[in-house]
Amino acid sequence: MALEAWFMDDSNEDQRLPHHRNPKELLSMDYLADLGVLYWKLNPDNYEHDSELAKIRDERGYDYMDLLDLCPEKVSNYEEKLKNFFTEHIHKDEEIRYCLAGSGYFDVRDKDDRWIRIWMKPGDLIVLPAGIYHRFTLDTSNYIKLMRLFVGEPVWTPYNRPQEEHPVRKEYVKSLTHKFGESVEAY
């Protein structure tokens, strides 16, 4: 099954709920790709020996890897960490995540500043481009096991919104303007 993504409603209900609009507004992989979000479907049961994963890592230079189990039982200060992950931010580098077990949501902003919810499940590998506003939360399963990939030494520093003057944010907005052939506000 392919990755699922949709425009989010404006509800302040539990962040772990799907937050579909009514009616649902599902999005295509092409829409996400236009925003710079990359996606692969891999076999999470074979990640240690997966030649396709090895090829992606080699081609994209992802030489750092670690695993993260995110759930109340395995993470100290769980609620605080989840709150921090759900704060809208950017990074100076790509954010690469591969779901090995469980599930959760990455939310990204589109060129019109609308929230898009991306539901990651086992086998989903996504790359969020540097400079895209995003956040993360678990879904109601309260568990995800992620592989984190990085080029070089990892830097996990989030830059909370607003960051319109940050050079990587400016470069991302410029890439959208070029792609869509129109002026994209720095939202």
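Glycine is treated like the rest: Cβ placed from N, Cα and C.
As written in TrEMBL, here are the features:
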| type | residues | note |
| --- | --- | --- |
| BINDING | H89, H91, E95, H134 | Fe(2+) binding site |
| BINDING | H89, H91, E95, H134 | Ni(2+) binding site |
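Feature annotations (TrEMBL) mapped to structure.
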| residue | record | contacts (Cβ under 8 Å, 6+ apart) |
| --- | --- | --- |
| H89 | Fe(2+) binding site | Y133, H134, R135, P158, Y159, N160, R161, Q163 |
| H91 | Fe(2+) binding site | L128, A130, G131, V155, W156, T157, P158, Y159, V168 |
| E95 | Fe(2+) binding site | V127, L128, H134 |
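Using a 10 Å radius centred on the Cβ of H134 (Fe(2+) binding site) and all shown protein chains, the other Cβ atoms total 22.
Listed in sequence order, the residues I90, L128, I132, Y133, R135, P158 complete the 8 Å Cβ shell around the Ni(2+) site centroid, once H89, H91, E95, H134 themselves are left out.
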